[in-house]
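Below you'll find the structure, written out as C-alpha coordinates, and then a few comments.
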Amino acid sequence: MSARNPDAPPVHRAGFACFVGRPNAGKSTLTNALVGQKVAITSNRPQTTRHTVRGIVHRPEAQLILVDTPGYHKPRTLLGERLNDVVRSTWAEVDVIGFCLPANEKLGPGDRFIANELASLKRTPKVAVVTKTDLADPETISRQLLAVDKLAKELGFEWAEIVPVSAAKGDQVGLLADLLIPMLPEGPELYPGGDLTDEPEQVMVAELIREAALEGVRDELPHSIAVVVEEMEPREDRPADRPLVDIHANLFIERPSQKGIIIGPKGARLREIGTKARAQIEALLGTPVFLDIHVKVAKDWQRDPKQLRRLGF
Ligand SMILES: Nc1nc2c(ncn2[C@@H]2O[C@H](COP(=O)(O)OP(=O)(O)OP(=O)(O)O)[C@@H](O)[C@H]2O)c(=O)[nH]1
(Lines of atoms letter the chains of each structure in order from A; the text may use other names.)
(Lines give C-alpha, C1' and ligand atoms only; values in the text may rest on other atoms or scores of the structure.)
Protein backbone atom coordinates (compact mmCIF):
# COMPACT_ATOMS: atom_id res chain seq x y z
CA MET A 1 0.00 0.00 0.00
CA SER A 2 1.22 3.51 -0.76
CA ALA A 3 1.83 6.03 2.01
CA ARG A 4 -1.11 8.31 2.74
CA ASN A 5 -1.17 11.77 1.26
CA PRO A 6 -0.73 14.11 4.27
CA ASP A 7 -3.29 16.51 2.76
CA ALA A 8 -5.96 13.81 2.46
CA PRO A 9 -8.79 14.03 5.00
CA PRO A 10 -8.19 11.80 8.04
CA VAL A 11 -9.66 8.32 7.74
CA HIS A 12 -12.89 7.60 9.51
CA ARG A 13 -13.15 4.34 11.40
CA ALA A 14 -16.21 2.53 12.67
CA GLY A 15 -16.61 -0.83 14.29
CA PHE A 16 -17.55 -2.98 17.22
CA ALA A 17 -15.88 -3.78 20.49
CA CYS A 18 -17.09 -5.89 23.36
CA PHE A 19 -15.99 -6.29 26.92
CA VAL A 20 -15.74 -9.75 28.32
CA GLY A 21 -14.87 -10.90 31.77
CA ARG A 22 -16.24 -12.80 34.64
CA PRO A 23 -19.31 -11.52 36.46
CA ASN A 24 -18.76 -8.28 38.36
CA ALA A 25 -15.55 -7.46 36.48
CA GLY A 26 -16.89 -3.98 35.71
CA LYS A 27 -17.92 -4.36 32.06
CA SER A 28 -21.23 -2.48 32.26
CA THR A 29 -19.73 0.34 34.31
CA LEU A 30 -16.90 0.70 31.81
CA THR A 31 -19.35 0.77 28.90
CA ASN A 32 -21.31 3.51 30.62
CA ALA A 33 -18.16 5.51 31.40
CA LEU A 34 -17.03 5.36 27.79
CA VAL A 35 -20.40 6.31 26.41
CA GLY A 36 -20.98 8.91 29.12
CA GLN A 37 -24.59 7.96 29.74
CA LYS A 38 -26.28 5.14 31.55
CA VAL A 39 -27.20 2.53 28.96
CA ALA A 40 -26.26 -0.80 30.46
CA ILE A 41 -27.60 -1.67 33.86
CA THR A 42 -25.13 -1.99 36.69
CA SER A 43 -25.56 -3.71 39.96
CA ASN A 44 -23.26 -5.03 42.64
CA ARG A 45 -24.75 -8.47 42.05
CA PRO A 46 -23.09 -10.69 39.48
CA GLN A 47 -24.59 -11.63 36.12
CA THR A 48 -27.13 -8.90 35.86
CA THR A 49 -26.55 -8.07 32.22
CA ARG A 50 -28.67 -10.42 30.13
CA HIS A 51 -29.24 -8.37 27.02
CA THR A 52 -26.65 -7.32 24.53
CA VAL A 53 -26.61 -3.59 25.11
CA ARG A 54 -24.72 -1.35 22.76
CA GLY A 55 -23.36 2.01 23.66
CA ILE A 56 -21.82 4.22 21.01
CA VAL A 57 -18.76 6.42 21.44
CA HIS A 58 -18.88 9.23 18.88
CA ARG A 59 -15.65 10.92 17.86
CA PRO A 60 -15.14 13.21 14.87
CA GLU A 61 -12.97 10.54 13.26
CA ALA A 62 -14.47 7.36 14.62
CA GLN A 63 -17.49 5.57 15.89
CA LEU A 64 -16.84 2.89 18.47
CA ILE A 65 -19.84 0.68 19.08
CA LEU A 66 -19.71 -1.17 22.37
CA VAL A 67 -21.48 -4.42 22.84
CA ASP A 68 -21.98 -5.42 26.43
CA THR A 69 -22.37 -9.14 27.01
CA PRO A 70 -23.42 -11.22 29.99
CA GLY A 71 -20.67 -12.82 32.05
CA TYR A 72 -19.19 -15.93 30.47
CA HIS A 73 -19.08 -18.79 32.92
CA LYS A 74 -19.51 -22.51 33.35
CA PRO A 75 -23.21 -23.07 32.57
CA ARG A 76 -25.43 -24.74 35.15
CA THR A 77 -28.85 -24.20 33.61
CA LEU A 78 -30.34 -23.85 30.15
CA LEU A 79 -30.33 -20.09 30.70
CA GLY A 80 -26.60 -20.30 31.45
CA GLU A 81 -25.99 -22.15 28.18
CA ARG A 82 -28.05 -19.65 26.21
CA LEU A 83 -26.12 -16.77 27.76
CA ASN A 84 -22.80 -18.38 26.82
CA ASP A 85 -24.03 -18.84 23.25
CA VAL A 86 -24.92 -15.15 23.10
CA VAL A 87 -21.47 -14.24 24.38
CA ARG A 88 -19.58 -16.49 21.96
CA SER A 89 -21.52 -15.34 18.91
CA THR A 90 -20.83 -11.74 19.92
CA TRP A 91 -17.10 -12.43 20.23
CA ALA A 92 -17.02 -13.83 16.73
CA GLU A 93 -18.55 -10.66 15.28
CA VAL A 94 -16.63 -7.83 16.88
CA ASP A 95 -13.47 -6.04 15.71
CA VAL A 96 -11.76 -5.94 19.08
CA ILE A 97 -12.35 -7.62 22.43
CA GLY A 98 -11.60 -5.99 25.78
CA PHE A 99 -10.98 -8.52 28.55
CA CYS A 100 -11.88 -6.94 31.89
CA LEU A 101 -10.09 -8.06 35.05
CA PRO A 102 -10.51 -6.23 38.34
CA ALA A 103 -7.23 -4.83 39.70
CA ASN A 104 -8.23 -5.69 43.24
CA GLU A 105 -8.90 -9.41 42.75
CA LYS A 106 -6.37 -12.15 42.03
CA LEU A 107 -6.74 -13.91 38.68
CA GLY A 108 -8.83 -17.00 39.12
CA PRO A 109 -10.07 -20.06 37.26
CA GLY A 110 -12.97 -17.97 35.88
CA ASP A 111 -10.51 -15.59 34.18
CA ARG A 112 -8.45 -18.48 32.81
CA PHE A 113 -11.63 -20.11 31.47
CA ILE A 114 -12.44 -16.97 29.49
CA ALA A 115 -8.85 -16.26 28.40
CA ASN A 116 -8.61 -19.80 27.10
CA GLU A 117 -11.71 -19.23 24.98
CA LEU A 118 -10.23 -15.93 23.72
CA ALA A 119 -7.00 -17.68 22.73
CA SER A 120 -8.92 -19.54 20.03
CA LEU A 121 -10.02 -16.26 18.39
CA LYS A 122 -6.80 -15.83 16.47
CA ARG A 123 -7.65 -12.88 14.25
CA THR A 124 -9.43 -10.58 16.70
CA PRO A 125 -7.18 -8.16 18.62
CA LYS A 126 -7.58 -8.60 22.36
CA VAL A 127 -7.01 -5.80 24.84
CA ALA A 128 -6.63 -6.54 28.54
CA VAL A 129 -8.43 -3.94 30.65
CA VAL A 130 -7.44 -3.97 34.30
CA THR A 131 -10.52 -2.40 35.90
CA LYS A 132 -11.32 -0.75 39.25
CA THR A 133 -7.80 0.63 39.72
CA ASP A 134 -9.20 3.00 42.35
CA LEU A 135 -9.60 -0.05 44.59
CA ALA A 136 -5.95 -1.14 44.45
CA ASP A 137 -2.58 0.38 45.34
CA PRO A 138 0.02 0.96 42.59
CA GLU A 139 2.01 -2.12 43.56
CA THR A 140 -1.05 -4.39 43.36
CA ILE A 141 -1.95 -2.86 40.01
CA SER A 142 1.49 -3.48 38.53
CA ARG A 143 1.50 -7.06 39.84
CA GLN A 144 -1.87 -7.53 38.17
CA LEU A 145 -0.60 -6.11 34.87
CA LEU A 146 2.27 -8.62 34.92
CA ALA A 147 -0.04 -11.51 35.83
CA VAL A 148 -2.37 -10.60 32.97
CA ASP A 149 0.53 -10.47 30.51
CA LYS A 150 1.75 -13.87 31.72
CA LEU A 151 -1.71 -15.40 31.42
CA ALA A 152 -1.86 -14.64 27.69
CA LYS A 153 1.69 -15.88 27.11
CA GLU A 154 0.86 -19.18 28.83
CA LEU A 155 -2.12 -19.59 26.53
CA GLY A 156 -0.05 -18.77 23.43
CA PHE A 157 -1.20 -15.26 22.55
CA GLU A 158 -0.33 -11.61 23.17
CA TRP A 159 -2.56 -8.73 24.24
CA ALA A 160 -2.69 -5.91 21.69
CA GLU A 161 -2.61 -3.56 24.72
CA ILE A 162 -2.85 -3.82 28.48
CA VAL A 163 -4.65 -0.82 30.00
CA PRO A 164 -5.41 -0.07 33.65
CA VAL A 165 -8.62 1.97 34.11
CA SER A 166 -11.02 3.17 36.75
CA ALA A 167 -14.48 3.61 35.30
CA ALA A 168 -15.71 4.93 38.64
CA LYS A 169 -13.11 7.73 38.68
CA GLY A 170 -12.93 8.14 34.89
CA ASP A 171 -9.17 7.43 34.97
CA GLN A 172 -7.73 6.32 31.61
CA VAL A 173 -11.20 5.78 30.14
CA GLY A 174 -10.53 8.22 27.30
CA LEU A 175 -7.14 6.60 26.70
CA LEU A 176 -8.83 3.21 26.37
CA ALA A 177 -11.09 4.60 23.64
CA ASP A 178 -8.01 6.11 21.92
CA LEU A 179 -6.34 2.69 21.91
CA LEU A 180 -9.40 0.78 20.73
CA ILE A 181 -10.26 3.08 17.82
CA PRO A 182 -7.18 2.32 15.64
CA MET A 183 -8.19 -1.37 15.81
CA LEU A 184 -11.48 -0.64 14.03
CA PRO A 185 -11.83 -0.94 10.28
CA GLU A 186 -11.97 2.15 8.09
CA GLY A 187 -15.53 3.05 7.22
CA PRO A 188 -18.33 5.59 7.57
CA GLU A 189 -20.54 6.01 10.65
CA LEU A 190 -22.74 3.00 11.22
CA TYR A 191 -25.22 4.88 13.41
CA PRO A 192 -26.50 8.45 13.08
CA GLY A 193 -24.59 10.96 15.23
CA GLY A 194 -26.08 11.44 18.66
CA ASP A 195 -27.44 7.92 19.05
CA LEU A 196 -26.04 6.37 22.17
CA THR A 197 -27.63 2.97 21.93
CA ASP A 198 -29.73 0.93 19.53
CA GLU A 199 -31.29 -1.11 22.29
CA PRO A 200 -35.05 -0.91 21.81
CA GLU A 201 -36.47 1.41 24.44
CA GLN A 202 -38.79 -1.28 25.76
CA VAL A 203 -35.87 -3.56 26.51
CA MET A 204 -34.02 -0.78 28.32
CA VAL A 205 -37.14 0.05 30.32
CA ALA A 206 -37.48 -3.63 31.26
CA GLU A 207 -33.84 -3.67 32.36
CA LEU A 208 -34.33 -0.60 34.55
CA ILE A 209 -37.28 -2.28 36.27
CA ARG A 210 -35.25 -5.44 36.75
CA GLU A 211 -32.37 -3.43 38.17
CA ALA A 212 -34.71 -1.75 40.68
CA ALA A 213 -36.19 -5.13 41.62
CA LEU A 214 -32.75 -6.64 42.24
CA GLU A 215 -31.77 -4.08 44.80
CA GLY A 216 -31.73 -5.47 48.31
CA VAL A 217 -33.15 -8.90 47.53
CA ARG A 218 -31.76 -12.10 48.83
CA ASP A 219 -28.86 -13.69 46.99
CA GLU A 220 -30.83 -16.44 45.29
CA LEU A 221 -33.38 -14.16 43.72
CA PRO A 222 -31.45 -12.26 40.98
CA HIS A 223 -31.50 -15.19 38.57
CA SER A 224 -35.20 -15.70 39.12
CA ILE A 225 -36.32 -12.30 37.93
CA ALA A 226 -37.24 -11.45 34.34
CA VAL A 227 -39.13 -8.37 33.20
CA VAL A 228 -41.13 -7.94 30.01
CA VAL A 229 -42.68 -4.61 29.01
CA GLU A 230 -46.05 -5.55 27.58
CA GLU A 231 -47.16 -2.10 26.55
CA MET A 232 -45.60 1.33 26.26
CA GLU A 233 -47.81 4.02 24.76
CA PRO A 234 -48.10 7.79 25.04
CA ARG A 235 -51.41 8.51 26.80
CA GLU A 236 -54.00 10.00 24.47
CA ASP A 237 -55.72 13.31 25.15
CA ARG A 238 -52.69 14.84 26.86
CA PRO A 239 -51.75 18.44 26.06
CA ALA A 240 -48.64 18.57 23.87
CA ASP A 241 -46.62 20.26 26.61
CA ARG A 242 -47.59 17.67 29.26
CA PRO A 243 -47.09 14.22 27.74
CA LEU A 244 -47.37 11.02 29.77
CA VAL A 245 -46.24 7.54 28.80
CA ASP A 246 -48.18 4.53 30.08
CA ILE A 247 -46.03 1.49 30.73
CA HIS A 248 -47.37 -1.93 31.67
CA ALA A 249 -44.76 -4.48 32.64
CA ASN A 250 -44.78 -8.03 33.93
CA LEU A 251 -42.17 -9.01 36.47
CA PHE A 252 -41.70 -12.78 36.38
CA ILE A 253 -40.45 -14.87 39.24
CA GLU A 254 -39.98 -18.62 39.30
CA ARG A 255 -41.86 -19.73 42.38
CA PRO A 256 -44.95 -18.56 44.24
CA SER A 257 -42.83 -18.36 47.41
CA GLN A 258 -40.80 -15.55 45.82
CA LYS A 259 -43.85 -13.38 45.37
CA GLY A 260 -43.85 -12.21 48.98
CA ILE A 261 -40.19 -11.15 48.77
CA ILE A 262 -40.80 -8.96 45.73
CA ILE A 263 -44.13 -7.50 46.85
CA GLY A 264 -43.12 -6.96 50.49
CA PRO A 265 -45.35 -6.22 53.47
CA LYS A 266 -48.53 -4.52 52.25
CA GLY A 267 -46.90 -4.08 48.83
CA ALA A 268 -44.19 -1.79 50.20
CA ARG A 269 -41.30 -3.31 48.27
CA LEU A 270 -43.14 -3.37 44.97
CA ARG A 271 -44.04 0.29 45.46
CA GLU A 272 -40.37 1.05 46.13
CA ILE A 273 -39.35 -0.81 42.99
CA GLY A 274 -41.93 1.15 41.00
CA THR A 275 -40.80 4.51 42.36
CA LYS A 276 -37.14 3.78 41.71
CA ALA A 277 -37.66 2.37 38.24
CA ARG A 278 -40.01 5.21 37.31
CA ALA A 279 -37.41 7.85 38.12
CA GLN A 280 -34.84 6.06 35.94
CA ILE A 281 -37.31 5.52 33.09
CA GLU A 282 -38.40 9.16 33.17
CA ALA A 283 -34.74 10.19 32.94
CA LEU A 284 -34.27 7.83 30.00
CA LEU A 285 -37.38 8.85 28.06
CA GLY A 286 -37.44 12.48 29.12
CA THR A 287 -41.17 12.36 29.88
CA PRO A 288 -43.31 11.61 32.93
CA VAL A 289 -44.35 7.99 33.11
CA PHE A 290 -47.20 6.01 34.59
CA LEU A 291 -45.71 2.66 35.53
CA ASP A 292 -47.77 -0.40 36.28
CA ILE A 293 -45.90 -3.56 37.34
CA HIS A 294 -47.55 -6.95 37.71
CA VAL A 295 -45.76 -9.74 39.54
CA LYS A 296 -46.34 -13.11 37.88
CA VAL A 297 -45.06 -16.60 38.47
CA ALA A 298 -43.51 -18.30 35.43
CA LYS A 299 -42.66 -21.64 36.94
CA ASP A 300 -38.97 -22.58 36.55
CA TRP A 301 -38.63 -20.29 33.54
CA GLN A 302 -34.84 -20.64 33.48
CA ARG A 303 -35.12 -24.31 32.59
CA ASP A 304 -38.03 -24.17 30.18
CA PRO A 305 -37.16 -23.44 26.52
CA LYS A 306 -40.66 -22.19 25.70
CA GLN A 307 -40.72 -19.73 28.56
CA LEU A 308 -37.17 -18.57 27.83
CA ARG A 309 -38.27 -17.67 24.30
CA ARG A 310 -41.31 -15.85 25.55
CA LEU A 311 -39.16 -13.84 27.96
CA GLY A 312 -36.84 -12.86 25.13
CA PHE A 313 -33.87 -15.20 25.61
N1 LIG B 1 -14.66 1.22 42.83
C2 LIG B 1 -15.01 0.83 41.61
N3 LIG B 1 -16.05 0.02 41.46
C4 LIG B 1 -16.40 -0.35 40.20
C5 LIG B 1 -15.69 0.10 39.05
N6 LIG B 1 -16.26 -0.46 37.98
C7 LIG B 1 -17.28 -1.22 38.42
N8 LIG B 1 -17.38 -1.16 39.77
C9 LIG B 1 -18.36 -1.85 40.63
O10 LIG B 1 -18.26 -3.24 40.45
C11 LIG B 1 -19.55 -3.86 40.44
C12 LIG B 1 -19.76 -4.63 39.15
O13 LIG B 1 -19.73 -3.73 38.04
P14 LIG B 1 -20.53 -4.03 36.69
O15 LIG B 1 -20.14 -2.97 35.73
O16 LIG B 1 -21.97 -4.27 36.94
O17 LIG B 1 -19.84 -5.41 36.29
P18 LIG B 1 -20.15 -6.37 35.06
O19 LIG B 1 -18.86 -6.96 34.66
O20 LIG B 1 -20.93 -5.66 34.01
O21 LIG B 1 -21.04 -7.46 35.77
P22 LIG B 1 -22.07 -8.54 35.15
O23 LIG B 1 -23.16 -7.76 34.50
O24 LIG B 1 -22.50 -9.26 36.36
O25 LIG B 1 -21.28 -9.40 34.21
C26 LIG B 1 -20.56 -2.72 40.64
O27 LIG B 1 -20.87 -2.66 42.01
C28 LIG B 1 -19.78 -1.49 40.21
O29 LIG B 1 -20.22 -0.32 40.86
C30 LIG B 1 -14.57 1.00 39.26
O31 LIG B 1 -13.88 1.45 38.35
N32 LIG B 1 -14.28 1.32 40.56
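Each residue, glycine too, has its Cβ placed from N, Cα and C.
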Report summary line: Candidate ranges 123-126, 131-134, 219-222, 255-258; TrEMBL annotation region 'G4' resolves to 131-134
Query raised in the report: Given 68-71, 264-267, 304-307, which one carries TrEMBL's region 'G3' label?
Result: 68-71
Requested in this report: Run through the Cβ atoms and count how many others sit within 10 Å of the one on Tyr72 (GTP binding site).
Outcome: 23
Requested in this report: Output: those binding-site residues from Asn24, Lys27, Tyr72, Thr133 whose CB lies less than 6 Å from an atom of ligand 1, in sequence order; none if no residue fits.
Outcome: Asn24, Lys27
